[in-house]
Amino acid sequence: MSILSKKLNKLDHTIPIYSPRTTYKNIRQNDEHLLADLTLNFDPFTINVLKNEFGIRDMQMKLSEFILVVKEHLLSWQVDIPNRETKLVRCLTNLFEEIDLNGNGILEWDEFTNYVIEKATVLNNIKTKVDEIKTYTKSQVKPLQAQTKHLTHKFNNLVTKILYIPHIDRLALYEEGSAEILFMNPETGVMNNKTLKVVPKSLFVTSSTVKKDEEGLIHVETKKNFIDLKTMILDILYIPDKKYQVLLTSSNDKYVRGWKHSSNGWVLASQPDNEEELIEHEFKNEIYCLAWDSLNEILYCGQKNGNIVIWYFKTDTEKELEREGAHTEVIMDMITMPKLQFLASGALDGLLILWDTINNKKKRVYKEHTRGITSLSFNEALILLFSAGFDHEVCVWNPYIDNLIYKISGHSSPLLGVKVIEGTSQVITLDSDGNVRVTDIKKFSNVQCFSVETSDEKHKFNPQCFTYIPKPLKLAFCGRSVQLYEYDKNYNPNYVDDYVAICCAFVPSQLAFYTPAGNKIKLWNALTGDIKKIFSDVTQGEITCFTLDSLKKRMLIGDSMGQIGIYNTYNGAMIKALPKHSAEIIQIIHADAITMFISAAMDNKINMTLDNDFGENELIRTLELKDVMITSLGFDPITKMIIVATNTGITSFYESDTGKQNGSFSELTQYEEITSLNLIKNLPYIITTTTNGKINFIALPPLLFKFQKVFYFKNEDSEQKLLEQQKIQKEGEQQLQQQQTQQINIGSAKGSILNNMGQGKRKQDDQVQQNLSISNCIYCDQTKCLFLSDDKGFIKCFDISQILTILEKSYNNHKDKSNNGAKSFLIPPNFDGVEYQEVWSQRAHYEMIKSLEYIQEENLLITTAYDKKVKLWDSKTGNLIDQLQQNYDKQEPRPIAFKRSGTEEIYDTNLEERIDLKRKSSLKNAKLLVKNEQKGSQTAIKSLSLTDKKLNTQESSTQEQEAAQQPQQNKNEGVQGQGDDLFANFNPNKTYDEEFNPFYFMDKIDKTKLKTDRSNSDWKLHINYIKYFESFEDSIKQLNIDIQKQEHELREKTEKQGINNRRFKVNPYQNSDLNAQKFGVDHKPILKDEINFKQENQDQHKVKADNRIQEGLNQVTNSQATLPRIASLQNNKLKLQNQQQQVQNQQTEPSSNRSHQQPGIETKTLAAISGDQNKKQKKVWDNLYKKELQSKFLFGSNQSEIRLSKEEVDAAHRLAAALANYDKDDYRSLKFYNIQIKESKGPKKLQPLSQSKKK
């Protein structure tokens, strides 16, 4: 049963496998990260070079040209990642699409430079969900007595310090001069009955008394007494490590004690490894400050005299840090940085000292503070250290830098504390006056300021300290009392934002939903429902209008201040601003047919601005309406008319060329507001909706009955209708029961019931007349359906196909120039017998719906409402799919399986059972083998062997497909060429399919063994991502083919011209007139032995070397090869045999066969001398240069023999690969790559390796 693999060890490294949807999300996210890193390479020098490249091509490039050009200037970008070439092409393709905003497939220089400028201006405005900082508000929670739970707990003295203990979810605090620690519930404010009282050991005293008895004898009496001592707490610290979970206290009796929480309260804790030994230590001096190093299990204790003592928990020993040049006054705060192996200490002497925890010596001393330091804090993610003191300022440091980075100012009183909220970009500071400032670390900008005050005006709060509670995030301040401040008090996990989202747009290229709310835009991943990024502070005012251009590459945004801007959908950068209105923006339209932007505002003005990419704003004309208010705006691309709807029920039509009014339609009811406009494709009609619940069909030119209503129907109150029906049915049933109990004639009872039902029906008909106001309406051309939302929060779907059929038939008759259509040309169509059908109706929200969006490709409806929710609906059935939620505690995607690293074995989530298909086949074959052994049948064994052969064939074919992306050996080289290739056995870390195919692992898993095939079961929306994935992959594959073809053509062209296109230098072996040149255009001497090369020999040699160098280079960079690994590969027996055969062939080859060589070239014999195996890798490279190997080949030395060890030859191959990376056609790389390993007994005589081994 050797065919079965061993059980997975817990120490084995495993790789999580996610569902295809989550995997595809990770692939796209990785592409975005690589693209962000790639754009950092656009420094001024690179941009200047690219400008010259653009200039050669008339300042514009196509996609393939852009990739070819930029690739040449990104040779040092991410050279060690697998599948680098493919990733580079993917990134450059995404970059091209991101820059090409007009979608013409051509990248202009203006587009490129504008993108670079945009990228620099929006870095601070792009945030993640964690970066977004909300505000703090005062909580109603206050300290309450434990007995009554409604009376306020009063403290006798100031509360000196407060900290949060997550293990028991309590706030620990103590009063000034007290030896007792109190515990408070942060949710209710109730103080615990059980407290922690620090009681020192009693003092043992022996007293003697002398007495004289009656007889005159003297007696001495001895008594033993215990005196109870009192102490006060100086500092407290909680160790959250699971191994300890101990509360430490330092007191003025020079003791530091550890306390453990139990069911009986707090007791002295013992060492985890020795229960008999208590966590208690007596120091020589009082400890005023404590800091814990969780990595090394060390406690740093700061003393009053400025000394720092180290207490090693494991050995219960102590050690002092060096005193020379250290603190001279009491240490106020210390903070450990275990990952950086630093300790920071701040004291009242104003010094901030950074200690090296490895040798316990000073690393740096910062002297920026002019007065004493009171508090320290550290942000591990950004590697920033913060120090606050009595000089009113917070200094920001980087532990690796000697100088100050930044100063946070704004306080007017001495600072008492500074805290970094872990996992966020917030820094909280508190001063002695109770002023609190919230600062954004990444922008160093003030976010919020508030003051901590007490309800009692007679007494000040006198703040002393503060801490924070992580979940839910709260700030706890202590002074005369305890006050709590809640973060994002109005936070609701089901909301999309604190503000109402005015709409929700879908961008297919990003697979993201855009929800503008307030002055920011949130981007939601359509694959997982998570927030991808946030465009913050987009506008000065609140966003009131949001729409996308025709290509969905630009955002058109208007705000409450009348400002309009065009922004990039990829990065949120502002491209340009449109002419400003004097009031709130209502709607913006991108009229692509006339290349204009049309905007309407509350000032009753309509601006028409030319869409001229990055040029200046060109306002074409302005239309001003009087005595009305614009409610909706539309544009007909066929007639090129601007359609304006107003609050008075008038729909006006204006010519876009002249601005003149062409006609209008008015509702019969005055002030019947028009709420929406919808055009019908290929038909001269529009659909309008009103606040009275009417859906109107209005004719447009060229119809002679233009600007007239040809048909309408009403939006009935479905809820009211249903209630009336239920009411009638209920009343009928009640009357029937009453009549049955009174034994009344059944016939008369039925008659009365029918009579009442008829009355109810008439009442219902009266109710129908009160139609619901329509807030939004969208028409779908393909499904012939009309989707609308009303004021009651309902969304409905109407099938209007019969109405459209009549309109289409009538319009076709109008286009008929015969006499038969002349009569119908003048008369509106007849709708007798035409019915519209309500397909479905659904209660979407319990408040008014703000917007309604329809995504036809995904059969998706999106609603936003004033309840701050965004919901996704199935447009076919009206069922709720999911909703966007700002849930901070949302679970991360869970793996569906695990893969053992370095193998093809795949295990379930419990790491107990293999679930890969290969395992399934192995088990099947193993069972068949056992069965055949029992039967003793040889034929069955043969069939098993055939099955194994098929399995091996499938595995080999799979491996061939996975290796398809690796560089292929030249077929002309044969076996000998493969043996010479030093990098033949290198494999990339990941194959192409493994890295870019989201279904790669799913195709290898036995799906019947999976517990679940979804990594994110919380997200119910199923976007058809396969369509986007296949489309992008097909374009990349075709693009790779085009690029390879162009590179081949370019290579042939440069070879014919003898010019290297990359550095524009002449290669000596490509110049026909070599004898006339002594130096190349790069001012480097030409090799002497290269001058006499024949062209035919050089060409053949170059093709072989090119292929081997490129393959070796790609495989080295993909597998991150090291010299030891190369040496082990070169010691392969097969390679040595091939090299031996090649040497023998060269020795035994007759002179006639070598007559084609030029007489000026001597065949160099490079004998390899076995080197010392214990040499370091660094010496190999040093040896290479010490022997001047490089200079000998570069400048054409005539030395006939150079002796090299195997490690040095390996280094030479690496140098060849590096030279090829610099320049693929560099002749120097050809020379280095041809170095071969040979062993010799004499200076020139070569001996086969096999014979030397025998000796």
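Cβ coordinates are placed from backbone N, Cα and C, and glycine is handled just like the others.
Since this is a predicted model, take the numbers as computed values, not measurements.
Sequence annotations record features per position, and here Swiss-Prot assigns domain 'EF-hand' to 87-122. Marked as repeat 'WD 1' by Swiss-Prot: 228-269. As annotated by Swiss-Prot, repeat 'WD 3' applies to 326-365, with the evidence given as sequence analysis. The repeat 'WD 5' feature in Swiss-Prot is assigned to 410-449; the stated evidence is sequence analysis. The repeat 'WD 6' annotation in Swiss-Prot covers 496-536. Positions annotated as repeat 'WD 8' by Swiss-Prot, on the basis of sequence analysis: 580-624. Annotated repeat 'WD 12' per Swiss-Prot: 844-883, in sequence order, evidence recorded as sequence analysis. The compositional bias 'Low complexity' annotation in Swiss-Prot covers 953-969. What Swiss-Prot records for 1148-1160 is compositional bias 'Polar residues'.
Residues 31-32, 34-35, 38-39, 42, 47, 50-51, 54, 59-63, 66-67, 70-71, 74, 77-78, 81, 509, 535, 551, 553-554, 568, 570-575, 613-614, 1035-1036, 1039-1040, 1043 of the same chain, all 6+ positions outside the domain 'EF-hand' (87-122), place their C-beta atoms under 8 angstroms from a C-beta of that stretch. Annotation: stretch 844-883 has the most Cβ pairs under 8 Å to the repeat 'WD 6' (496-536), among 228-269, 326-365, 410-449, 580-624, 844-883.
DSSP states for the repeat 'WD 6' (496-536), grouped as helix (H, G, I), strand (E, B) and coil, give 0 helix, 20 strand, 21 coil. Taking Cβ pairs closer than 8 Å, the repeat 'WD 12' (844-883) reaches residues 492, 494-506, 508, 513, 515, 529, 775-778, 780, 782-783, 785, 787-791, 793-795, 797, 1019-1021, 1023-1024 in its own chain, all 6 or more past its ends. Non-local neighbours of the repeat 'WD 8' (580-624) in the same chain are 101-102, 110-111, 114, 544-545, 547-550, 556-564, 566, 630-635, 637, 640, 642, 644, 654, 656, 659; each lies 6+ residues outside the stretch with a CB under 8 Å from one of its CB atoms.
Per DSSP, the secondary structure of the repeat 'WD 1' (228-269) breaks down as 0 helix, 25 strand, 17 coil. Mean pLDDT across the repeat 'WD 8' (580-624) comes to 91 in this model. Broken down by DSSP into helix, strand and coil, the repeat 'WD 5' (410-449) contains 0 helix, 23 strand, 17 coil.
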